[in-house]
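Everything on this sheet refers to the single structure shown next.
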């Protein structure tokens, strides 16, 4: 038995009746030119769907040709579609990306926060612009992506049953953190074929199929912009404002090139050598004083200045509910691939919550997302407004 046949055996192969029902459904797969979307398209074919691909160009690289990967990605996506015998559509969402993702990204950095563009990109491009285009212009019943997440209907027999967003089976690749802004309607219209698989299996399937993407490196860097020297890239859009680096007691021990280049908990790149009268412990960013353009640092990753007992989050989104109005026990991640943190959510109003950690956490960063879970279910999340150094008195 090949790995492919064994995999489909494991994924509960569909009955002929289910395949027949799927044959009436059109799925547009977001083809990135990577291995995950490639295998997703193949799996959906095997499940009987009418499968077509769509390649999105979301960044105009004409004035940035040194970092252009879109042409190579398109060529790989086309090669995979040709191999699988499916049509590949192309669409340019560069204007939507600039207006709804990149300008917000710059605004957040300008304000001294550290945003996560991948989350906004998923919200505004992959599951809004793409979903709308696929449904309205291409007649799709579903879209599909290569994200490592799963979905589960709460009650499949109920009319209008809500669907839950679940973590991916591969805990090392789980991407639910990046998809917490999806509504249950968007999740219901989206298929995630590789969410039930582990990454090594996905690569092995691609290899057995002879797909050009089988050994292709996973994409990293800013969503749709790719890998680059981040400092140089950001400087093209935002003027740097150099300033002082100070200790917690106000001593000047260095200079920074711009607060926007630094984030809480950062150690590398501070260029702080031996400081007279200080020990050899590493220095970490503990605060950004925007009013005075000062970067504040302290020694030791366990320094109390880096620890928070909780956070305040706003711009809330819940996958399957309107708001949380009662205290709720759950877990939270304040950054990707972080271990789950046991916590309690305390609602402050419909769009703001306090989160109290069971144990103090390091480098809770404003602008990043706090994403909440109960077991395998991703409940939703919000943007971190501030860290809480001690419990807020109600």
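Using N, Cα and C of the backbone, Cβ positions are placed for all residues, glycine too.
A TrEMBL annotation is a machine prediction, not a hand-curated record.
Features of the protein shown, as given by TrEMBL:
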{"type": "ACT_SITE", "residues": "121", "note": "active site, nucleophile"}
{"type": "ACT_SITE", "residues": "223", "note": "active site, cysteine persulfide intermediate"}
{"type": "BINDING", "residues": "30, 31, 32, 33, 34, 35, 36, 37, 56, 146", "note": "ATP binding site"}
{"type": "DOMAIN", "residues": "231-299", "note": "domain 'tRNA-specific 2-thiouridylase MnmA-like central'"}
{"type": "DOMAIN", "residues": "309-384", "note": "domain 'tRNA-specific 2-thiouridylase MnmA-like C-terminal'"}
{"type": "SITE", "residues": "147", "note": "site 'Interaction with tRNA'"}
{"type": "SITE", "residues": "368", "note": "site 'Interaction with tRNA'"}
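Overlay of TrEMBL feature records on the structure.
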{"residue": "30", "record": "ATP binding site", "Cβ neighbours (10 Å)": "24"}
{"residue": "32", "record": "ATP binding site", "Cβ neighbours (10 Å)": "23"}
{"residue": "34", "record": "ATP binding site", "Cβ neighbours (10 Å)": "20"}
{"residue": "36", "record": "ATP binding site", "Cβ neighbours (10 Å)": "26"}
{"residue": "56", "record": "ATP binding site", "Cβ neighbours (10 Å)": "26"}
{"residue": "121", "record": "active site, nucleophile", "Cβ neighbours (10 Å)": "22"}
{"residue": "147", "record": "site 'Interaction with tRNA'", "Cβ neighbours (10 Å)": "25"}
{"residue": "368", "record": "site 'Interaction with tRNA'", "Cβ neighbours (10 Å)": "23"}
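For the recorded positions 121, 147, 368, a Cα-Cα cutoff of 10 angstroms around residue 36 (ATP binding site) retains 147.
Largest Cα-to-Cα span within the ATP-binding set 30, 31, 32, 33, 34, 35, 36, 37, 56, 146: 16 Å.
Candidate recorded positions: 121, 147, 368. Nearest to residue 34 (ATP binding site) by Cα distance: 147. For the recorded positions 121, 147, 368, a Cα-Cα cutoff of 10 angstroms around residue 56 (ATP binding site) retains nothing. Cα distances from residue 147 (site 'Interaction with tRNA') to the recorded positions 32, 121, 368 are smallest for 32. Cα of residue 368 (site 'Interaction with tRNA') to Cα of residue 121 (active site, nucleophile): a distance of 14 Å. With respect to their backbone Cα atoms, residue 121 (active site, nucleophile) and residue 32 (ATP binding site) stand 14 Å from each other. In the three-state DSSP classification, residue 36 (ATP binding site) falls within a helix.
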